[in-house]
Every structure is written in structure tokens, then in C-alpha cells.
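Enquirer: Heads up, here are the entries from TrEMBL:
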SIGNAL    1-28  signal peptide
TRANSMEM  103-125  transmembrane segment
TRANSMEM  137-159  transmembrane segment
TRANSMEM  171-204  transmembrane segment
TRANSMEM  224-245  transmembrane segment
DOMAIN    279-335  domain 'MIR'
DOMAIN    348-404  domain 'MIR'
DOMAIN    409-466  domain 'MIR'
TRANSMEM  541-564  transmembrane segment
TRANSMEM  584-607  transmembrane segment
TRANSMEM  614-634  transmembrane segment
TRANSMEM  646-665  transmembrane segment
Amino acid sequence: ARPPAAPAGSRAALALVTLLSFASRFHRLPEPPHVCWDETHFGKMGSYYINRTFFFDVHPPLGKMLIGLAGYLSGYDGTFPFQKPGDRYEQHNYMGMRGVRRYRLVSSFLALLCFSPCALSLSSLEKYTGCITLSQYILLDPILMFFLMGAVLSMVKCNACADRPFSASWWFWLSLTGVNLAGAMGVKFVGLFVVLLVGLNTIYDLWDLLGNLSLSLVMFGKHLLARVLCLILLPLALYTAVFAVHFTVLNKSGPGDGFFSSAFQSQLIGNNLHNVSIPEHLAYGSVITMKNLRMAGGYLHSHWHLYPEGVGARQQQVTAYLHKDLNNLWIIKKPDSDADLSDPSSPVEFVRHGDIIRLEHKETSRNLHSHQHEAPLTRKHFQVTGYGINGTGDSNDFWRIEVVGRKPGKLIKVLRSQVRLTHVATGCILGSSGKTLPKWGWEQVEVTCTPYLKDTPNSLWNFEDHINPKLPNISLDVLKPSFAEILLESHMVMIRGNSGLKPKDNEVTSKPWHWPINYQGLRFSGVNETDYRVYLLGNPVVWWLNLFTIGLYLLTAISTAVALKRGVQLSSELKELSRVVLRGGGQIALGWLLHYLPFFMMGRVLYFHHYFPAMLFSSMLTGITWDTLLKFFAGFLSPSTAARRVYGGGILALVLLIMYSFYLFHPLSYGMIGPMASDPSSPMAGLRWMDSWEF
């Protein structure tokens, strides 16, 4: 059934909360006038869109595209470097990229319109402090929460139209649900959690329809097809379109090139592979570069520097390097031949699958070498070095080249063939571990020889640059990947990048159990008394009220379910309240679980702000629970004026408590200058309720 019309007082409260939401999020918009926390990443990516420069990020592109669009429309020219937190914006126009996200948080309380305006007002106020901090800066989280809550709102509004299926409003809300699902997924992969929530709701609805014997199977089929169209095909089409725009706009070579395949790089203007012609098949005497196929695996690289004492044999370092460099060049030679293969009169001999070869480093004339000394970082892997003088070394310089999925004797194609190099003497396979070497290794990537014979991206390579004047060239246009291949590759790179995220030195990370109890915040800006300090922390009154209310809701829901099961006679008002508790509150509680529990299973680095989507659901659950309980207790009072006073007084008390707590902690969101909270003279000293709070 449709939700009942809200009383005039409730609508006034809703209007007031909406006004306060806008005012609080535009307050002190320009402060601080320097780069804060992850603005260094997402502001820079907005600049890349304006300059059409290709980059890599572990998240889908929609959020960054909107940041770039906001900057472009507000007059930002994309020239600010966003090098590190604390850099001042000076004359650059950053207001558009910060300001565009204020309206997005308005949606974070819209979903409760379907339940109760008073519950809405309560839960909306609960999102202050932490949400304001997030919405102040150039970040993805506010955009994600906009689409996330938009999907929940659309889903609930579509449910409210269940008595009018296939009406214009029903189609509108169903389609809008799909649009918001695509938006949530297009900003961050955690948008999958709201997709799962909507999916479970859809399965529940379809199962309920299937049990309706007055509904024909033909009509049920129409319901099923409508949901497939709006909740599967439409989001997939929009999500794919986002990537199509992303790859169309970012058509210039940039810092993200090295993360992608050589075939992909050949499409980027300014890349050394763009619009060039190179020999197609590998031959002895060719000068080549080898690129590891793991995400950020880098190019096979060497330099004059030696491994330090105590790190394997003191021979020349071999690493993987993410950037183009002359030290990435190698010459393919036969194992025991010193013939001058660059002589134009010498015949061309192609390298074939199964051949034993020697790779000589062009700049230093040392051979790619391995032995049974342990690798610098990876235990049980062998060290890889550069060895020999002017190409003369020993039998540990020999490698067998093999192409994945090819038969012995087949030619090896540049860019397209995926090859592994097996060390003849030890049987290990050349690979990139992905681990960063210490400063003695110039913080490049470790290369090892692994005795574990598995075809993984770490142990597979392709040949990128290929120079051999004796061979005919082909245009790299024949290697142009299809859009489907680019889309698949980009997702593989993003997934590997996400799972491989590790904390930086001295970076504050957190664990999922920290989040609901508000154990530790996150420093956005400033560390000293003279700095402009911003600290991301949830309003502790709200956070702990939410935590208490989750337990209270479980008790209420269980009691309600038991009463209904036992056949307790309820009035129409109590039946409506029980429906709100079990169906409405159940959906929101499920949303909280889906957006919180998966983080316990993630191996990547985690931060406090990852909890905020789940916090939206816990705040809404708090609003629903207290609104329902106050109505329940007020229902036992008569006359109705007394009931309204009890209900209104309870809501007012909670609202005033939340507003006062926001007043106390608002400096965390808007910035502080002066003594640290650990100093008794600081105005924030009495508010440092936990030692783990670092403001």
C-alpha cells in the first residue's frame, strides 16, 4: 500500500532538516585551501579527464568522471598537480570539484520518506559530523552514497507501487533502481553490496508473486521479464557505457599505461607503440623489451648497480621497472654463439617455441642469469642477476622460451604471444613477484626465478618493443583490441590492484571491528598545533546510539515476530507498525549487514571511511526503530493529545541530543587550529573520550 500522507508538522520537520543539510555542507566550503588526504588522488584524476590523459585506478571510472566534469564546468583548467596533501591551491579553481558533492548527501536520507518523515528527520541528523567531513572534499564516497541511497529509495518506492504493477510510476521507480545500481557500481566495486540487497528484495517479491494463485503464469512471466530488463540489462548497459566514455575521453598516453597490455597501449596517443610499425615475429639478434603480465609487473630491467652484501650473490641487479627506459632493452642471442647477428648479410633466423636462448642486456652486456642463491625478498625463490663480461658467461645464462598454448617449433609473435622463460639449469621460471625492493634496489620490483611451475601472470611475459632492421615491419593496428577485450582487461587490472593494496609507511589503517564502536578516526589534514586540522570521526553519540539500537531492533523484531506467530490480536495501527518493523526495518538491517560483514573477509588495506555506507543503513535503522517504539508506547495513552505529546517529546529529545552532540564535535568536520586535544588548554580536550582518537 502507499505510505500515508505525512502530517503538516512532520513535513515542516523534514523541510527544516533538508535546509540544515544544505547549510551545513556549504558552510566553510573553501577551507582549508590546500589538498587534503585523498584529494591528491581523485583531484589529480579529475585533472586527467580534463587533459584526456590515461591513468589507472582500482575503482571504476564514474566517480572520477563526475569530479572531472564538475571541475571543467566550474572553470578549472586541469593544471594543478595534486602532488601531496598540504599543497596550496593558490589561484586554481577547486571549488567546483569540492562543491558538486554537497547535493549528493541529500539523497542519504531520502529512502526513509517511504517509512516516516519523523524517522527521516532523526536518521538524517544522525549522519552529521562524519558525513560532512567526507562531503567537504574531492572524494568518491559521497558520490557512492548518493547512488547507493538512490537505489534503496527507488527500490522501496517501487515496492510501494506493488498494487499498481506496470503503471507509469511503477516503471519509473523500477527503472530508476536500475540506473542507481549502475551508478553505485560505476563509482566503486562495493556498489555490488547494494546490487545484492536489491537482488534479494527482487527474489522475495517474485517468490511472493509466484505464490499468488490469482496471478497467471503469463503475468508472472511479464513481472520476471520487467525485472530482468530494468535490474539486469539496463544497469549492465549503463555500466558498460560508462567505460566506453572513459576509454574514449582518455585517449592520450599517461601514467596508467604500464598497468595495461602492450596491445592496449598501442591505442594511446603519445605512447611509443602508437601508430608505429615493428617486426611481427621474434628473431635472433633482435633488440626487445619484455613486459610482465601481472598488474604493475613492469619491464624486465637491469642496471650497473650490484646486489648488496648479504643479498645472494654480489652480481648485477635485475628488476622490473614500471616506466620506459633504455635499461629495459635486451638482445636475443643463441646460447653459445658470439656471431654478429646485426650484420645485414647474415641470414635471419627466427626464435621458435622451445628454443634455448640467451638474453644479453644491451646497456651493460651482461646476461640474464639465475642460480640457487635465494631471492632478495621472496623465500624459496632463486635470485636473478646480470652476469658475464661482454656477453660471455656460463651455463646458468641459458633459458628455454615457451609460448602458452602453442606447439613446439611455432614462431613467437611480438605483443600477442604470452611466453615463459624456464631456466635450463634449475628448472625455475622467470617472474615478477610484485614486491618492492628496498632503497638499494631503487624501490623497483623484485624479479625472481620461481621453482613453482604454474602459469600465473607473475611468470608470463610478452615482447613489446622489437627492433630488427633485417625484418619487415607490420602496423600495430592489426593488434587493436576489441572493446570487449579492453573492458575485460581493465576489470582484471582493477581487481588485482584492489586486492594488492597495502598500507603506506606510517599510514593509519583500521579493522572492521573498530568501525561500529568509533574506535579510531582518520586524519584528513594537519598534524601540528599550527596546522589547519581536519579529522574524520563519527559523532560518538550517534555512533553508540546506532550500536545500541541494532540490539534494540533485534529484540523488537523478535518480539513482534513471536507475537504474530502466536496469533496475538493486534489493532490496525499495531499491524502497520509490525509491518514497518519486520519488512522495512528488515530490509535496512539486511543492508547494514551486506555493507559491513564482507569487509571481514577482505585481504586489502582498510580505512575507517569504508564503514560509511553501512553507517547510512544503521542510522536509518535507528530512525525507524525509535520512531516505531515511540508510536507503540504512545498508542497506549489517551486522549490522543497525550499520545502526540509523548511521541513528539521523544522525537524532540533525540533530535536535540543529536544536534547538541553535533555542536560539540563540529570542529572535527570544519577544521581546528590551536592546541591538540591532549593539551588541557585545548577546547577539544574534554571531548577526547577515547585515547585512540588522535585529534
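Yeah, the Cβs are placed from backbone N, Cα and C, and that goes for glycine too.
Automated prediction, rather than curation, is the source of TrEMBL annotations.
As the structure is a computational prediction, the values presented were derived from the model and not from experiment.
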Enquirer: Below 8 angstroms Cβ to Cβ, which residues of this chain, lying six or more residues outside the transmembrane segment (171-204), approach it?
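Expert: For the transmembrane segment (171-204), the nonlocal Cβ contacts are 59-63, 140, 143-144, 146-148, 150-152, 154-155, 157-159, 161, 226-227, 230-232, 234-239, 242, 494-495, 498, 587, 590-591, 594-595, 598, 610, 613.
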Enquirer: In the same chain, which residue numbers or ranges, 6 or more beyond the ends of the transmembrane segment (137-159), come under 8 angstroms Cβ to Cβ?
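Expert: Same-chain contacts beyond the flanks: 36-39, 42-43, 46, 59, 62-64, 66-67, 94, 97-98, 101, 104-105, 107-111, 113-115, 131, 170, 173-174, 176-177, 179-181, 183-184, 186-188, 190-191, 194, 197-198, 201, 205, 524, 584, 587, 591, 609, 612-613, 616.
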Enquirer: For the transmembrane segment (224-245), find every same-chain residue at least 6 residues outside the stretch whose CB is under 8 Å from a CB in it, and list them.
Expert: 60-62, 65, 166, 171, 174-175, 177-179, 181-183, 185-186, 195, 198-199, 202, 206, 483, 487, 490
Enquirer: Where else in the chain does the transmembrane segment (584-607) make close Cβ contacts, counting only residues six or more beyond its ends and a cut-off under 8 Å?
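Expert: Long-range Cβ neighbours of the transmembrane segment (584-607): 114-115, 152, 156, 190, 193-194, 196-197, 200-201, 498-503, 508-512, 515-516, 522, 550, 553, 557, 613-614, 617-618, 620-621, 624-625, 628.
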Enquirer: Taking DSSP states H, G and I as helix and E and B as strand, how many residues of the domain 'MIR' (279-335) are helix, strand and coil?
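Expert: Reading the DSSP string over the domain 'MIR' (279-335) gives 3 helix, 27 strand, 27 coil.
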Enquirer: For the domain 'MIR' (348-404), jot down how many residues DSSP puts in helix, in strand and in coil.
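Expert: Taking each residue of the domain 'MIR' (348-404) in turn, the totals are 3 helix, 29 strand, 25 coil.
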Enquirer: Determine how many residues of the domain 'MIR' (409-466) DSSP places in helix, in strand and in coil.
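Expert: Breakdown, helix to coil: 6 helix, 27 strand, 25 coil.
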